[in-house]
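One structure is given here, and the rest of the page talks about it.
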């Protein structure tokens, strides 16, 4: 038979007794509430009760019963009437009132109501005179004690000021702020406090405005009036002030330290950065951060304040009426919550206090006088609330005798065997036994009960704590009542290994030591008498562990002779006579750096769990010669990465860490800093307790949300939705959504959203970025695990920035090279670039020439330019989403009548040429590199000569056996293991400029025309005499290698040339443009995919005289000339170098 069935069986006979449950429960219909009145006005406090007549009502003031008089009258409906409220030093009606209702079953007391007489006291804070400079800020404040709270307004020269303008803000807490002070703001200021009872004016204060002396210098932001710690009652309005100065004027922003979003429905910004929260509730409690930032920079200042919202008591578990037999046991449970936590007391029949200050009221060995109405009273400074229950005592004389010869025997550290003999009388009528047990030591210990059937006389209690004394007694039950309690016996459970280790506190007083301290384990965790501690430590870079065993009464130990500025890992284990417990996780601590300057010592840190999700950190700093400028606090859950550091002001001595998970261990680090730098660090660990359910049992964590689905709505928003897990609780739940960019190592990039719906739109995301999303559920201060991770990428967006580094270089008299870099924004996708260029005359007429290039190109040629004109060029990037903005216009001036090219290309860009000057050290490195390269070439040449003499197949002198000996045509097949010797320089050079038919051979130049050309070409393949250069088939290749050093050529490269098409040679030209890619003056790149051009040689540049180049870097371009099959059966790949 189960315990539940037996309990039901025990109660069932009483429910059948006639008249037992036929009483009328006494209750209140209306209870008195708080009232505020003006002196000499009438006041009414309502009170109405319901119950079996007759019902009488009496009144109490401050706990003392009131007598009816002419001044205080009791109305027929039970209300209290005061015709004329008195308020003087000798006699005042102000105070706390309660009504007491009574009938034949008992009496009950109402909730407490407060009668307040409206008044305004003298000003606590008066405004003080100020002298400010024109254009700066001014601030006045005043404070007054009033009931009800007074409304504050301000007057200038005895004329009312508006509550809010562009420059003037009046805060509800009595602060006047004036931004950008003008000369006409000078005058006499005073505040006026008004409520229903009175009106009062403060002293006047003069504001003097001086004329500013010239432009103000740049100033870092400084908060001159930051938020203050505030304690507010439920539904009040809270003002968090934040007033900052700086040049330029800083931007004020607000956030919460626990990363929760600020309530957008009840919060608003008043004036130039003050946060006002109306109708505050418990969810608004937390630490708020005001941040003043200089626009366009990372200069900022932060001020923090803690908002505590006081919540009136409310009863979450009410006592239930019970019917019990004489000599039985009755248990009433009452649990309340509120901020601060309410104090619980019990009343019997409304007036008789029971000195039992606990949430459980236990009445054992019940007698007839215990038949009464019992009330649970939950009180705090925010008010009181009551709940009642009735105890009915049933009389029966036909009861069994008590169980006999009760004895207990210890089985283990958590189990005791209890045995007994049946009652001497009426044993055959016993239907169940009730076993009662509780801890024998201490006060207000809870009594536990187990009910078993009548078929056994022994029972094992197996949920006990180790190394504890327990007392036991047994009661026998029959259908008409219970026996008296048996004799009590006591027994002690065995010891066990400690449940966990002490939490360590680590500080350093010098760079070579660590002071380790801890608190003794409480009995619940030690599970016996601790016999020893073991402290182990090592450095983070060394796995060698050193252990020290310490005596049982030790609470601290100093590690000496350590290395400065080194991370040490420490852990501890504890032992009882049974054995050692599992050691704790490693705790890290960095020893301070060795410094000649004096830095602040480590603060004395104390951590205290406030509840299952919050920790209070308090600290003290020893008084010394070092002036502390502030503190830095950091915390993280064990095994998790550290949270961002929180910077606190020097006058701060405590901080509340909220938003934690229950039953987790957290590491907290704190240090002070001064002008000399950061001081010594204090490390400490603390564990959050488990959240308690209304039944005083540890509640199981709710399941995580499931079926999480993400859908990208735009380039900056993702829609997220999920399903609520299946569990029976009908209480309101909330959710936390965590959004993290994939691969981020920046804690500030992680976002948390608090919502109550099962969907959310996550906005302000980066375009074309992959994010991970997880969701967790919150219920009754419990949090579920995070859901499964969902990955999703935001949509691509049109480029928001123009291409960077736009540069125009004149390479021919009528041809210019335009180069650029991709837009400097992350994850941008560019499908094509649009180039607009026009002469100044065409630009004035609004006529632009348009050219488009694929997104992989960052270079283009502008041809057929007219000499003597100035051209304007600008570029934009586009993708499938849209077009980005155009770059700034770049100008290129073409000289008129210039018959030949200058020595250096003319270029125009948006950067100063001074940025590209090469210093002496770089020039020396270039010369050394060139010398090494020449030495390598000489060695390779010797190897080639030696191999050429022994090779049966030699191709030399630029003579080929067949077309395309060194480069295969598409229709040809490569032969394997064929050696070929390629000359580095051929005998023939050709001018690559379109339209020229001038040839230069080994005998000298053959000129056609009078125009002199300055481009020399090194040709890889010999071309047939009939092969003519075709205009318009020039392909420029250009590659940037800013950070990589040039690689030495391999043997394969020397013999066959590089296998890739692009040159890895870094020249001055590439450094100046900083661009890479394949570029063509054709709109189609089909020719570039021709397999016949898949190889190219990379000869070293030589001057006209065949000598190596000097120390001056020269632009190098690689040109691929493809000739039509009708003119030349082979494709020529050539290199040209501008000399």
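Placement of Cβ uses the backbone N, Cα and C atoms for every residue, glycine included.
Taking TrEMBL as the reference, the stretch among 923-945, 946-968, 969-991 described by the feature transmembrane segment is residues 923-945. Each of 121-208, 402-496, 498-594, 600-697 was scored by its Cβ pairs under 8 Å to the domain 'Fibronectin type-III' (704-797), and the highest score goes to 600-697.
The domain 'Fibronectin type-III' (600-697) is not in contact with the domain 'Ig-like' (121-208), judged by fewer than 3 CB-CB distances under 8 Å for residue pairs 6 or more apart in sequence. When pLDDT values are averaged over the domain 'Fibronectin type-III' (704-797), the model yields 82. For the domain 'Ig-like' (313-387), the partner stretch with the most Cβ pairs below 8 Å, chosen from 18-116, 121-208, 402-496, is 18-116.
Mapped onto DSSP helix, strand and coil, the domain 'Ig-like' (18-116) counts 0 helix, 45 strand, 54 coil.
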